[in-house]
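Lifted from TrEMBL, the feature list:
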REGION    1-27  region 'Disordered'
BINDING   Asn65, Asp165, Thr186, Lys187, Gly195, Lys196, Phe197, Gly198, Leu199, Gly200, Ala201, Lys202, Lys521  ATP binding site
DOMAIN    403-562  domain 'DNA topoisomerase VI subunit B transducer'
Amino acid sequence: MDSSRGSSDELKRTNKGRSKTNCMEKESLLKQKSPAEFFAENKNIAGFDNPGKSLYTTVRELVENALDSAESISQLPDIELIIEEITKNKFNTMIGLVDRQRVDEELYDDFETTKAREKRLAKEARMQEIQAKNVALGKKLKEPPAIKSGKGRGEASFFKVTCKDNGRGMPHDEIPNMFGRVLSGTKYGLKQTRGKFGLGAKMALIWSKMSTGLPIEILSATRGQNYASFCRLDIDIHQNIPHVHLHEKRENKDKWHGAEIQIIIEGNWTTYRSKILHYMRQMAVITPYSQFFFKFISGISEKNLTIRFARRTDVMPPAPLETKHHPSAVDILLIKRLIAETSKQTLQQFLQHEFVNISKSYAERLVGEMGPDFGPKMAVKNLTSHQIVRIHQLFRQAKFDDPSGDCLSPAGEYNLRLGIIKELQPDMVATCSSSPQVFEGHPFIVEAGISLGGKDVKQGLNIFRFANRIPLLFEQGADVVTRTAMKKINWSSYKINQMQDKIGVFVSIVSTKVPFKGTGKEYIGDDITEISSAVKSAIKQCCLQLRSKIVKKLQARERQERKRNLTRYIPDASRAIMDVLEEMAQNYEPKRQRYDKEDDELLNKIASKEITETTFGESLSQYVEQVDYEMALEYATQSGASEEPREPIYLSSLEGSYSYVDLHSPVFVFRLIT
Ligand SMILES: Nc1ncnc2c1ncn2[C@@H]1O[C@H](COP(=O)(O)OP(=O)(O)OP(=O)(O)O)[C@@H](O)[C@H]1O
């Protein structure tokens, strides 16, 4: 009994012990991750899928920060981007690693037997031939599939990326957190900006830490500052805090302002060269008021590249404004945050001042509708969770005016058109801008441009997408613009041949919240009805404008064709008529009156060679010219002034001036700059 008790006690103890262990085991399963760790492990969701894409995304993040920064102080952006290829030797010297020659070649993953090498080279030559043929036939060039040399992963390539801007710069003490703490930034307010998540620059740093182990360097000065801040730092991934190597103030005699960011990362220029250049070119289209200087430096001089995308206009869209939330666009968490942050005391004041489109009287009506527990004078900070849920429910059901688009800053039809003409030099272009519309309480504006012909444009649809003035280059197939242009527009009804014409479709969407799919900001889905129908209608409006131009062009061409045909028959017709007339003149007996006086005269002139075949030809030519001119005149008179041929003329102001009014007339738009 005792023993049994003993054993049962033991069992209990053991069980107790086991359950404790179990508990500890369970506890030990629970781990926390810092945001930096999360993004380091899932870097593809931020656009850092592989070395090539990482180089592209790094460029993008730096350029977009530079633009945001210059535009935020209404400074015409002047951006310098330099990508310098760093050889492995140089890289090793930089990090103080002694270069070692390979001894046992077969040990390496990229070892290739002579036979395998020959096979690979033959395959590469075949592919180059196919590419060359495609170029000759004007076919679309596909990115050549990466051919592996042997089974190796190949040698890593390193790049120093430097981006310099003339923007607002950063306060000295904030630099470490801006670049060394994931999810920290200055663009979280409700405002149209390119940046949004407080992630991009940190992802570039995380990638540099993962691929080269090197820190990022930042030089920055704000306006009027007589020193420049220099900071070299990396990021402590586990704690998500900056790890500062050096942070000092340096002389800034010229009172320069802006930022210069330098980072060394692994990348792949060969596969992402065209994407980076497309990105720069499209950026130049959507921001023609910016100046970009792009340079690629390599050890091999043929690979070097310098491109300057010149500024085309001094008119910059006005800076977007920060706005308040629309009641229909908030959730419970956001309401709680706004309550915690508000300086207002009462519920009514809170409703009236922290949201758009709630006037004092409307706030009173809303409070009345909330029920007996609520009163306009109740302290907003004392609201219970239940009461906040009630407010949220009412916000979802009540009627509010749509938010206005005043806080938005679209590129502007004028800039979009300039950008298209500057970069593509098309034969024809039409642009349009929608009035502000709303989805989920966020205002948005769609601007579109359609071009026909131009340089470096392939046959068929060439889609150019922009969101908050960022070019979007990836995931094109799933994007709302591509889907609309390919599936929802009947191009032939606008006299445009979808397969043969060189069609440029440009759509730019700006909003306080661009509904990107994913953090990589690659595309906007076509599942938001408001946006997809606005895109469709903007494209259709451009097509309508183009149709009338095309019709006119076709009519002119037809006239030309008819004239050419008539002219072509003039010699034959003159000869045939002359033959007949000459015969008549030969058989003519003046005594027998067979013709009237005029014909008599004609035959006499023919007989005396006063009228010849040449005379006939000339008269007929004159007649064709005359008929053509009269028809054109008649056409113009019938069509009225609005159908007169028009040419857009752009007058750019001499000084940077940002306030203007557009005066629209059926024939011209006059921009008055004040
Ligand atoms: N060139 C620059 N000039 C001035 N400030 C800059 C510059 N680059 C970055 N910053 C500051 O650093 C912050 C963090 O930049 P980061 O790229 O990490 O995020 P973001 O631009 O805010 O958002 P996103 O992740 O969507 O790009 C920015 O919000 C900005 O305040």
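Note that the numbers count up from 1, one per residue, in the order the chain is shown.
Yeah, the Cβs are placed from backbone N, Cα and C, and that goes for glycine too.
Location within the structure of each feature annotated in TrEMBL.
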residue: Asn65; record: ATP binding site; Cβ contacts under 8 Å, 6 or more apart: Cys163, Asp165, Arg194, Gly195, Gly200, Ala201, Ala259, Ile261
residue: Thr186; record: ATP binding site; Cβ contacts under 8 Å, 6 or more apart: Met178
residue: Lys521; record: ATP binding site; Cβ contacts under 8 Å, 6 or more apart: Gly47, Lys196, Ala467, Ile470, Leu472, Val514
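Largest Cα-to-Cα span within the ATP-binding set Asn65, Asp165, Thr186, Lys187, Gly195, Lys196, Phe197, Gly198, Leu199, Gly200, Ala201, Lys202, Lys521: 22 Å.
Gly195 (ATP binding site) carries neither a helix nor a strand DSSP state and counts as coil. Note on Phe197 (ATP binding site): other Cβ atoms within 10 Å of its Cβ, all shown chains, come to 17.
Of all Cβ atoms in the shown protein chains, 24 besides its own fall within 10 Å of the Cβ of Ala201 (ATP binding site). Under DSSP, Asn65 (ATP binding site) is assigned to a helix (H, G or I) in the three-state scheme. Confidence for the domain 'DNA topoisomerase VI subunit B transducer' (403-562), expressed as mean pLDDT, is 90. Reduced to three states, the DSSP call for Ala201 (ATP binding site) is helix. The Cβ neighbour count for Gly195 (ATP binding site), using a 10 Å radius and every protein chain shown, is 21.
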